Amino acid sequence: MKFAVIQFPGSNCDRDMYYAAQNALGEEAELVWYEGSNLEGYDAILLPGGFSYGDYLRSGAIASTTDIVTQLKDQADKGVPILGVCNGFQVLLESGLLPGAMLTNRDLKFMCHFEQLVVQNHQTLFTSEYEQNEVISVPIAHQEGNYFCDQSTLTRLRENNQIVFTYQNNPNGSIGDIAGIINERGNVLGMMPHPERAVESRLGSDDGLKLFQSILVNWREHYVAGA
Ligand SMILES: NC(=O)CC[C@H](N)C(=O)O
């Protein structure tokens, strides 16, 4: 399996994401600079955390206007698995690949600590290795992590089972305690917590590894089996 890890100016979790795929999961990963690159031929695409374009305008806003995100939309339409973590999630929201928006944290402070998450939907290609309602420990590190959407969108997210992770103790004011959502097709996941920073117990938790393992298991089932 070959992962693309997209790098924007200001990304700072690209190496963590690369390590998670290449070293912790043991699959092939490539760092893909946002300019002059082609996203064809990758089996999954990872949008890492960080401060793309310095978070100017809004976190993820400027990155969402780049050509690589136009290509990302094409790959999403083809059903390629796409994971956006923290700044990556913000890019997915700003690009319209996921519904809703990020507001500044309720307490107006950057927060960086482990949070307990509840796996609300273990029937996705990103969460099939987890148990339903499993509680996992994954770090957060953000200023604009307060997920917001209007009531009709929230209703739709709930009805479609698109809420994948919630916070057990909501740290930032996110509506519905939402920590991660998936698109209706089920191939684009955005989440504020950092699973790539929890792939080995020496990091404080290895609960994030099962997310990458889920992507691999589903790729093997749906792509290799169908070859
Ligand atoms: N760790 C991150 O990706 C941070 C995202 C964004 N810069 C924020 O502070 O909200």
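Think of each number as a place in line: the chain as shown, counted from 1.
The backbone N, Cα and C atoms fix where each Cβ goes, glycine too.
No curator has checked TrEMBL annotations; they are predicted automatically.
The active site, nucleophile annotation in TrEMBL covers CYS86. Around the Cβ of CYS86 (active site, nucleophile), the number of neighbouring Cβ atoms within 10 Å comes to 30. Secondary structure from DSSP puts CYS86 (active site, nucleophile) in coil.
Summarising the annotation, TrEMBL assigns active site to HIS194 (among others). According to DSSP, HIS194 (active site) sits in a coil region rather than a helix or strand. Contacts of HIS194 (active site) defined by a Cβ separation under 8 A and a same-chain sequence distance of 6+ are given as CYS13, ASP16, GLY49, VAL85, CYS86, VAL138, PRO139, ILE140, ALA141, GLY208, in order along the sequence.
Here TrEMBL flags GLU196 (among others) as active site. Non-local contacts of GLU196 (active site) by the CB criterion (under 8 A, 6+ apart in sequence, same chain) comprise CYS13, ASP16, MET17, TYR19, ALA20, LEU46, PRO48, VAL85, GLY208, PHE212.
With a cut-off of 6 Å between Cβ and the nearest atom of ligand 1, the active-site residues CYS86, HIS194, GLU196 reduce to CYS86.
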